[in-house]
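Beneath this line is the structure, given in structure tokens, with notes to follow.
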Amino acid sequence: MHITDILVTGEPIIYGAMVSMALGGLAILFVLTYFKKWGWLWREWLTSVDHKKIGVMYILSALLMLFRGGVDAMMMRVQLAFPDLGFLNSQHYNEIFTTHGTIMIIFMAMPFLIGLMNIIVPLQIGARDFAFPYLNALSFWSFFFGMALFNISFVIGGSPDAGWTSYTPLSGAAMSPGPGQNFYLMGLQLSGIGTLATGINLMVTILKMRAPGMKLFHMPIFTWSTLVTCFIIVFAFPILTVALALLTIDRIFGSQFFTLTGEGLPMMWANLFWMWGHPEVYIVILPAFGIFSEVISTFAKKRLFGYNVMVWSMIVIALLSFLVWVHHFFTMGAGAFVNSVFSVSTMLIAVPTGVKIFNWLATLYKSKIEFTVPMLWSLAFIPSFILGGVTGVMLGMAAADYQFHNSYFLIAHFHYVLIAGTVFACFAGLVFWYPKMFGHKMNERLGRWAFWLFFFGFHVCFFPQYFLGLDGMPRRLFITNVAEWLPLNVISTVGAAGMALGFVVFVYNVYYSFRYSERETTGDSWNGNGRTLEWATTTPVPYYNFATVPYVDEIDPYVRMKEEGKTTFEEDKVKPIHMPSYTGQPFIFMALLGLASFGLIFEWMYLAVFGLIGGVVMMIRRSFDYDDGYYVSVEEIKETEKKARGL
Amino acid sequence: MKAKHLRNRWLGLLPLGLIFFLSGCGQLEMTVLDPKGPVAQSQYDLIVYSLWFMLGIIVVVFALFTYMIIKYRENRPGRKESDYDPNLHGNTTIEIIWTIIPVIIVILLSIPTVTTLFDLEKPPEPAAGEEEKEPLVVHATTADWKWFFSYPEQDIETVNYLHIPTDRPIEFRLTSADAMTALWIPALGGQKYNMAGMMTTLYLEADEEGGYDGRNSNFNGEGFAAQTFKVHAESEEDFNAWTQKIQNEAPELTADRYNELLKPGLTDVESFSSTHLDYVKHHTKDGMGYTIEHFRDLYGKKLDLYEIEKQESFQ
């Protein structure tokens, strides 16, 4: 195969994207070379096993993907509002909604939340890093190369075009030949390794590395949400791994698991996909609940109402999340009894979720609400999410779902829960913990602009879509060919533009704040309202996190620590700290697996075998790795802490 | 000042939502909310029933939310000392109450859902005083990107359009020649999937004469947007006259012609005085791979179906 055969040709928009990607890439290369930053990049970032740096890399990648998925969304919205423009043809539109969905869920929502977990969870429990720092770096690079693979598909080989659910038989080799679907399979498979590893890693970290005295029911609620999420990841992701592997074998080696010929079972894919897919929804919403709980409690200046109930409701939601997958295809004809069971189990999820909503409202009761930017995102979540939640219950009523299924009513519902839930939480969490990560806050004024633009844009964009659905407009339709659908689609596109503008202001705020924001002097950035241990460290956080780990025997330990004048630097108790060494192995390992995946995508078996052997070599190399890390000396700790605390 | 500004914006949300809601529901112009048959009617009833609960929940939460953020904002003039209790962290009674109420709502929603589910598995009951009629059997088969409607009793087949008598249940037997699709006629009722190698049954009925829009609602590739059909619901006499006409005037559907039609692509409306059911049974294990085995090479090609964009409407 010649290189010109695998490049996507014939689309002006894609040529434009190619040119801008090439220019962007060259610009980065030039800047790195000109400022002699290659060594810095390798030593400080690519080889890092520091959970805080890995978290920052996750969040930067996720923001990049939010941009990519957002551009996809805007292109769809333009096409739907101006169908006469001939902006996108059917094939191009199909590719775009496929990449939009896949990127937003797999390469935006999850990594964004995992990035926040990476940075915050060890700080909240008084740990010095993850239980397995090497594995953490491995996770990030597997995600990164999976993401890179998936994203180059639209210039090399062609994007997948069977929807983010990739239903067989449509996505099988017979009906979707070529590398497009393979990009989907290998991109998800490679990044899935990282997600599963992170699940195990965080689970062990939380279970084994808490501060002395901290029982499970003393943990901050965000850590709790992370722990519950990790259990979902560990049980759900293997299903995806198997499903992807089976479909890959189908497509590349000609087996018949999901095919129409050879007595395959195409509908088994839908089952496997949603047995992972529904828990996945809770993987991206539970951490969001955790973030909102932290932010609301902090800026209400009050303890979280019903902490135990909050925890138990998350556990119940996690259990129920595995028992509802059939509600994604009530219309498959499984019969009234099966649909009744899954209908009731689906509606039951509303109970623990409703309890959580009331707990947040009760947290606001007799509080002192301060309307900071993270609080605005969190408060906006409550009414917005309710609109998504109640329509979710309506969708759960199977008999009515026959009319809602595959329509814009469904589209509106899941954007209401995923944006008002997950995306609002990502923004809330990022702004909230921003000073902890970068040593300065984001500008409040610009932050408010970004919030209000995004918030109103969101409602204007998605609220009309409920009515489009009730008027019979199906999802994944590239052209609004019924005249009555057009006005609401135009309104929706205006809203989408508002969201885009909000995002632009948000990104500009990153730059603006980097230039002009005041640098933090204390670790307790929000007017001393911090409640949990992450605020007890200095800002910027020293690489070993805590000079001395405090004894914790209650919820919100930092509140009492402040009352008693305690810090995480008790000079007489400082001991040498054991830290892991940086290593380039995870990067190289995953780059090799990325290469192998690339080979499989184009069915270039020599390349695939080479990459896989390389991977095995890296595993052997790791097995004989005797680098046990190093100790930070007491003098260095004291010097760092005194400088940071101005003692 | 700032806080007041904020409050106004929050309150602005309520009428905004209400305007949308009323402009949408008030006119009852939306297809799903304007049922033309007993199946769509039962789903409409269920939707409206649930909507009252949902509105109730929304009103309660929005009201509590508005109260909290106005009363307990930090810089509200006239805040009292008693308005702040940082250690308040639970109240068993109230927590039990707000757990039980959602449970009751779920039960109240589950009962009609389950009964409707079981009802939808059977042909719709005739209206009071009317005799029960045998359902009309129509095989609805999809192939990329068209609909075949076979009437075995009448021994006729149509492509991309459907005639049905009113006030008589239609028993759709759904299957697909290739990708998974779904038959959806929102005015008459909810959808169900068409799958190769399987046959699903969907009962619908029209109680008003007229033309309704039907489509495939499950994405199946490039020509998805054009996979629509018009439903002509007419009186029993008109329907019989139509079947007579097709039987007399339309050509037979030969195996060759059917194979030609199965190939991926768009086709216009067509009528035949025989069905394809004798040639291939897509819903059986033997027939499920038929189209792929015959036309595998054609699926790889991008068809560049630009004509979709040019058409105002596909019927």
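Just so you know, glycine gets a Cβ as well, placed from its N, Cα and C.
What TrEMBL records for this protein:
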TRANSMEM  A:12-35  transmembrane segment
DOMAIN    A:34-553  domain 'Cytochrome oxidase subunit I profile'
TRANSMEM  A:96-121  transmembrane segment
TRANSMEM  A:133-156  transmembrane segment
TRANSMEM  A:183-209  transmembrane segment
TRANSMEM  A:221-249  transmembrane segment
TRANSMEM  A:269-292  transmembrane segment
TRANSMEM  A:304-326  transmembrane segment
TRANSMEM  A:332-355  transmembrane segment
TRANSMEM  A:376-400  transmembrane segment
TRANSMEM  A:412-434  transmembrane segment
TRANSMEM  A:488-511  transmembrane segment
TRANSMEM  A:587-620  transmembrane segment
Restricting to the domain 'Cytochrome oxidase subunit I profile' (A:34-553), report the mean pLDDT as a whole number.
95
Using a Cβ cut-off under 8 Å, which residues of the same chain at least 6 positions beyond either end of the transmembrane segment (A:96-121) come close to it?
51-52, 54-59, 61-63, 65-66, 68-69, 72-73, 75-76, 88, 127, 130, 136, 139, 143, 146-147, 150-151, 153-154, 159-166, 184, 187-188, 191, 195, 198, 202, 205-206, 222-223, 226, 229, 280, 283-284, 287-288, 291, 418, 422-423, 425-426, 429-430, 433, 436-437, 476, 534
CB contact flag for the transmembrane segment (A:133-156) and the transmembrane segment (A:488-511), at least three pairs under 8 A:
no
Residue list, the transmembrane segment (A:183-209) vs rest of chain: Cβ under 8 Å, 6 or more residues beyond ends.
98, 102, 106-107, 110, 114, 117, 121-122, 125, 127, 130-132, 135-136, 138-143, 145-147, 149-150, 153, 157, 159-160, 162, 166, 171, 219, 223, 226-227, 229-231, 233-234, 237-238, 240-241, 244-245, 247-248, 251, 590, 593-594, 597-598, 600-601
Determine which recorded stretch among A:304-326, A:332-355, A:412-434, A:488-511 has the most C-beta pairs below 8 angstroms with the transmembrane segment (A:376-400).
A:412-434
